[in-house]
Structures are given as C-alpha cells and as structure tokens.
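Record features, source Swiss-Prot:
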REGION    1-270  region 'Amidoligase domain'
BINDING   Ser13, Lys191, Thr192, Lys193, Pro194, Thr195, Gln196, Lys227  UTP binding site
BINDING   Ser13, Asp151, Ile152, Glu153, Lys191, Thr192, Lys193, Pro194, Thr195, Gln196, Lys227  CTP binding site
BINDING   Ser14, Leu15, Gly16, Lys17, Gly18, Ile19, Asp71  ATP binding site
BINDING   Asp71, Glu144  Mg(2+) binding site
DOMAIN    295-547  domain 'Glutamine amidotransferase type-1'
BINDING   Gly356, Leu384, Gly385, Met386, Gln387, Glu407, Arg473  L-glutamine binding site
ACT_SITE  Cys383  active site, nucleophile
ACT_SITE  His520  active site
ACT_SITE  Glu522  active site
Amino acid sequence: MTKYVFVTGGVVSSLGKGIAAASLAAILESRGLKVTLLKLDPYINVDPGTMSPFQHGEVFVTEDGAETDLDLGHYERFISTKMRKANNFTTGQIYESVIRKERRGDYLGKTVQVIPHITNEIQAFIERGAASATCGEPDVAIVEVGGTVGDIESLPFLEAARQMSLRMGRNSACFVHLTLVPWVATAGELKTKPTQHSVQKLREIGISPHVLLCRADRRIPDDERAKISMFSNVPEDAVISVWDADSIYKIPQMLHDQGLDAIICEELKLTPHAADLSMWSDLVEKLEHPKHEVTIGMVGKYVDLTESYKSLIEALRHASMHTSTKVNIEYIDSEEVETQGVESLKHLDAVLVPGGFGRRGTEGKIAAIRYAREAKVPYLGICLGMQLAVIEFARDVVGLKDANSTEFDQETPNRVVALITEWYDREGRVEKRTEESDLGGTMRLGSQRCPIKPGTMAEEIYGKDVNERHRHRYEVNNRFVPQLEAGGLIISARTPSEDLPEMMELPRSMHPWFVGVQFHPEFTSTPRDGHPLFKSFVEAALAHHEAQAPVAVGEKA
C-alpha cells in the first residue's frame, strides 16, 4: 500500500518546497523505495499554460503533454520516475471535475459543498496520481501542497490532507512543514516567532507536523532548534536546519546528514536499506571542480526572471558537470540588442535563444542569431529560437527580406513560420484551430519521436531518432523548405506523420555548430546523465573559446 508524505509551507512562499520534496524523494529512492511526487496548486487556473512567466515562472511539459508547475521539473531531475498529467492538479481542475459531476447528476440532488465534495475530489485526485506512477505502485507518494498555510486558497487542500491522514490511519501518512527562520540584521539574531506562529496556524487546521524544515540563510544553532521544538511540539531531532546552498544538488546530502529520511521511514514504518548518495556527491564534485570555463549568452525577454528558464538553466548545469566545464550564463535582454546592437555578444563563447511567445524583442533575437551565424559562434535555438533562426536565414541568406512568422506579422507574403490548423486539446481530441481560437490547451504538446536524417550533426548528437517534448503553436512552413535548403540550410529531423520540420542545422562548411530544434530538450535533461544536445553545445562553446584564446609566446599557433 502506498504511504503519503505531505509537504506544506509557511510564513512566505518561494522557500523551496519543491526542492525539499524532490530531495527527500531522491534520498528515499536511494534507499531502494519506489517514489513518486505530486504537486497541488491552489490557483483557479485549469493549468499554468496561459499564465505569464512573470506570474508563474516556467511551464514544465510532461511526457504525456501536460502543462504543469515548474516543480515537476525538479521532481524529474531528482528521481527516475517520470511525471504525468495526474502528478499536478489545480483548484480549477478540481472544481471543473466536481461541476461536471453535478451537471451529470452524480450527486443525486445533494447540495454540493467544499466539504465533503471538493475535499473528496482532492483525495481522489491524489490517490489517482499516486496510482498512475510510472514506477509501478509506489511505496511512498510525496505530495507538495502549493501556497502558504493561512492562505484561503490552500484550505481545501490542507483539509483534504488531514482527512486522508485520518482515514488511512497511523503510520500511513505524515506531514513535513517547511518554514522560514529569518535573520534580523538589526538585532543580530535569528527569529523563531514566524515559525512558531506558522505551526500554530497549521495545528488550528488539525494538522500536527512530524518534521519541521527550517529555512535560513545560515545553519540554525542547536539552542534555537530546541526553542522551536518546545513551542511547536515537534521533537528536537525532527527540527531540521535547511540553510542556503550554492547548488540544489547538495540538498539531499544536507537533509540525509540530519536524519530526515530516517525520521520519515520510522514514522511510516518502512524498513529500506541504507541510503547511497554517492551519485549526488560525485555530481557536486564535478560541479565544483571543472577543468574548463565558457560563457554562454541567453538572449531572451524574461532575463530579469530566471525562473522562466529554470529547466534550461539546469540543463546547462548538467552539461557542465558531464563536460568538466564551468558554464557561466549571461542573460541578455533582446530588446536591448534591438536598440544597442550586438556589441554585448562579442565576448561570448556561444549564443542560445530559448522558447517564447509574442512579438516583443524578436528583432533583437534575430540580430543575435545573425551575429552568431556570421561570426561563426556556436548557436542553439530552442522552439522560437529555431523559428527565428529560419526567419533570419530566409531574410539574410535566401533573400526573402520580409520573411516572418504570422505570429508577428499577419500580412507578410513570405510566411516561413505559420500557424498549423489542426491541434490536439487537453483530452487528446483533434480540434481545428484558427488565429481567433482560445490559447489554453491548444498547442502541440508532449513527447514525439521522429527519425533523423543520416549524415547530419543531429545524427551525431542523437543517433537514429529523437524523442523530445513540444510546446508550441507555430511551425516552419514546408512551402519554403526547398528555398531554404537551396540556400544551404539542412532540415535534419521531421515528424513521421505530419512531415513537420523538427530540427535544422547549417553544414559545417557554413558554420562549425549551428542547430535549431522545435522541441524543448531541456525538459528531459537530468543531472544523472546530462543531455546529448546540451553536452554537444557546451563542447562546441569550449572549442570556440579555445580557438579564440591568444597563443602564448613560444607556442605554435
């Protein structure tokens, strides 16, 4: 039978519940347990697909095409279990399901209320999510409850967790509460009162936490832990200090050293073998002792909010581990490139243009792509970054000066990137789309396997085929491909059924490393293995860096 660990948060948001939950899962998995994770989001949106990156950060896409919270990306990076649609749900989905049942008459004329109908539905979603785990029936399902204790939006989820714990009985569920212990500089001390009040609020709901994870910018002294223990009624050994670390991959060892996994296993009456965190130690060792160093410029419009590119940043870190290369990421505002030119790019070892939506900043990205192509600087374009690379090539090499995407210019006669007219909705149904259609749940989403053209750089990187995740509405227009190929561009991978371009590259006779991909490879990168595309990209950046390095006196050029 699956046992449950509920992870809640208090005082403020963004303390790192997702990292804490994923780190605990990694430790339990290293002890031989089958583990899955779920994220419950209290907002009323059906999913984060139409939410602004400034509001929500990255939208992580699962293998089966769900647009989910970025924490699911952390889950997949920390454990081997793949996430699915059922691993993330929102208040919007819960109410949508309950209202659909009410309209069908499933409640037999009863008054539909938050308790029991909404809370029962939440419990059903949790159990369904755990049962759908790709690892088979999990020994432990870790459930992260979004939001902060005290928020009105979170109350139904916390009540459902309380009811579920009561229904399942002792040793079947436990609660981990993550809270803030701030350092007040004027007083010169850590303050435990916010944590005390947060636990008090949780206990008012009927939940007594078994473990407290106390976030601070430094290690919490034992006397402060004892004070927190006394006021929160949590054993002192279960008051665990979680201080700021320079890498999230140090957190599993930090939590294990303080006995978190032992406390959880004791509470749930689990008897797995000892933890083996050598893989995490090896990864941290690689991260901290690189042999080389490169600087990669990420040209985008959300550069002030790096949460928007969370998986991409982590994918570059994974590549750095597996190539012994420190990767410095410089975030470059594409609108500044539009107004100030490409001078800010000239010291870079490689250029990356990530995915995105909307017209703002696109001409700056195109200018950066033109610079990378002409200066022979390694270039990787992802999703929109590939589409803009095709537009730049069409304009500046093929000679279609007004080439554009219909996303940015409906009137352009040279629609080298355009909206395709048939989509799959959230339930997998084929649906015709137009420019006026709703935005939510109407993109090409999820994993798709496609063959790779033999003899290409893509084949060197991936092998015979590629299986990656998508999130986009627009495609490279096949009508212009013959002209692009005549100019030298190579379409190195296509979808097997729709024959849509998935990868493009320039031959080495034109450029040493210039690749665009319509999919999002960052979603499948893990610290365990890295990702072949990002490893190849970092290696190309290193080769460029070494080629540009000045030759020392006495050395042969």
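Start at 1 and count along the chain as shown; that gives each residue its number.
The backbone N, Cα and C atoms fix where each Cβ goes, and this holds for glycine too.
In the three-state DSSP classification, Ile152 (CTP binding site) falls within a helix. Cα-Cα distance from Ile152 (CTP binding site) to Lys193 (UTP binding site): 22 Å (rounded to the nearest whole number). Closest to Met386 (L-glutamine binding site) by Cα-Cα distance, out of the binding-site residues Leu15, Gly16, Thr195, is Gly16. Proximity to Asp71 (ATP binding site), defined by a C-alpha to C-alpha distance within 10 angstroms, is shown by the following binding-site residues from Ser13, Glu144, Thr195, Gln196: Glu144. As a whole number, the greatest separation of Cα atoms within the L-glutamine-binding residue list Gly356, Leu384, Gly385, Met386, Gln387, Glu407, Arg473 is 14 Å. When the binding-site residues Glu144, Lys191, Gln196, Lys227 are screened for a Cα within 10 A of the Cα of Gly18 (ATP binding site), the ones that qualify are Glu144. Other than the site residues Gly356, Leu384, Gly385, Met386, Gln387, Glu407, Arg473, same-chain residues with C-beta atoms no more than 8 angstroms from the centre of those residues' C-beta atoms, the L-glutamine site, are Gly355, Phe357, Cys383, Leu388, Ser405, Val417, His472, Tyr474. Rounded to a whole value, the Cα-Cα separation of Pro194 (UTP binding site) and Leu384 (L-glutamine binding site) is 44 Å.
Distance between Cα atoms for Cys383 (active site, nucleophile) and Arg473 (L-glutamine binding site): 10 Å, as a whole number.
On the backbone, the CA of Ser14 (ATP binding site) and the CA of Lys193 (UTP binding site) stand 19 Å apart. The Cβ neighbour count for Glu522 (active site), using a 10 Å radius and every protein chain shown, is 27. Around the Cβ of Ser13 (UTP binding site), the same chain contributes Gly147, Thr148, each under 8 angstroms and 6 or more positions distant in sequence. For the domain 'Glutamine amidotransferase type-1' (295-547), the predicted model reports an average pLDDT of 90. Taking the recorded positions Leu15, Ile152, Cys383, Leu384, Met386 in turn, the residue surrounded by the fewest other Cβ atoms inside 10 Å of its Cβ turns out to be Ile152.
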